[in-house]
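**Q** My structure is below; once you've seen it, I'll send some questions.
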Amino acid sequence: MSEGLHNGTVDEDGGVPFYVNRGGLPIDGPTWERMWGFVARTHPDGDNLVKSIRSAVELPRVPIPPVPALTSGSSIPERVEAVQKYIRELQYNHTGTQFFEIKKTRPLTGLMDLAKEMTKEALPIKCLEAVILGIYLTNSISGLERFPISFKTQFAGGCFRHIVLGLHWGGHFGAIGISRREDLMYKPLRYKTLNDLLADFQEAYAHCWHALRKIKIGPYVSHDPHSVEQIDWKHSVLDVQELGAEGLRRELERHSREMRLRIIKGPPSPPKERRRDVTPSPQRGQASPQRRERPERRPSGDKPVDPKSLPDLSSYQIRV
């Protein structure tokens, strides 16, 4: 699929290749024509449908869903459900082109600016866009922790990928997102453990004959929309087959425990404040506060990474 690569990169969603619109909005001519070509190739009516739409003098207006107003009078589960309802109303993007380019290495503040643009344009979205939008819309919900969950499955010799936004509140887990399949996106805040939540996703995949191979889970995402930290998309990489059911449960418990400890400890003090309050010594000067704040990510079964190999992040105050 080499056509149009100068305007977009080919990515994959559910095993189906698709393009990413890198030209921004409004959509440029080459990207627009490529989208119509995709419709002509994949829709049952093909060219006839394209001609009927493009030659129409007047087309019905598409309703724009309002951004949910998350009032403090509503419970957190109700506010989460309102966010999911909004994501669902934007609809899943079947055009073959993702409208918003999401670079996972961008700082959180840049991704939040992009999410704000999504609400203004109100275009159909894919699963990664739904995760960024979900983070943006839930930033104001104090006490609700959010973290990315990625899935890799196998079916008929092909690999398929999907991502949702995991949630944790009041000792219960859930998820929001978007998918072609109803049971692979929204999960209410009713699961007692992270293992219970992911077992539900695994069962949903089994219903469509997909074998779950890998799960990638990130730590809790900051509620600060101006944070310069990057989202850690794969803090824990879990091989489902290699671990087995019991091993997977233990790894998920470890991840949950680690995230709880991050909240209890809170972010470290800024380096300048520490230097004012404490006289440094050769012994104390060897410690790096970021080693406690950002433990190394590690795949299942691998040995921990040497802390000395971690990058120096002392110029940033990490806020979780």
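Quick reminder: no glycine exception, Cβ is built from N, Cα and C everywhere.
Sharing the record's features from TrEMBL:
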| type | residues | note |
| --- | --- | --- |
| ACT_SITE | C127 | active site |
| ACT_SITE | H162 | active site |
| ACT_SITE | S179 | active site |
| COMPBIAS | 280-289 | compositional bias 'Polar residues' |
| COMPBIAS | 290-306 | compositional bias 'Basic and acidic residues' |
| REGION | 259-320 | region 'Disordered' |
**Q** Looking only at C127, H162, S179, the active-site residues on record, which one has the least crowded Cβ, with the fewest other Cβ atoms within 10 Å?
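**A** Selected from the active-site residues C127, H162, S179 on minimum Cβ neighbours within 10 Å: S179.
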**Q** In whole Å, how far is C127 (active site) from H162 (active site) when you measure between their Cα atoms?
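**A** The separation of the Cα atoms works out to 7 Å.
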**Q** Fill in the CA-CA distance, S179 (active site) to C127 (active site), as an integer in Å.
**A** 6
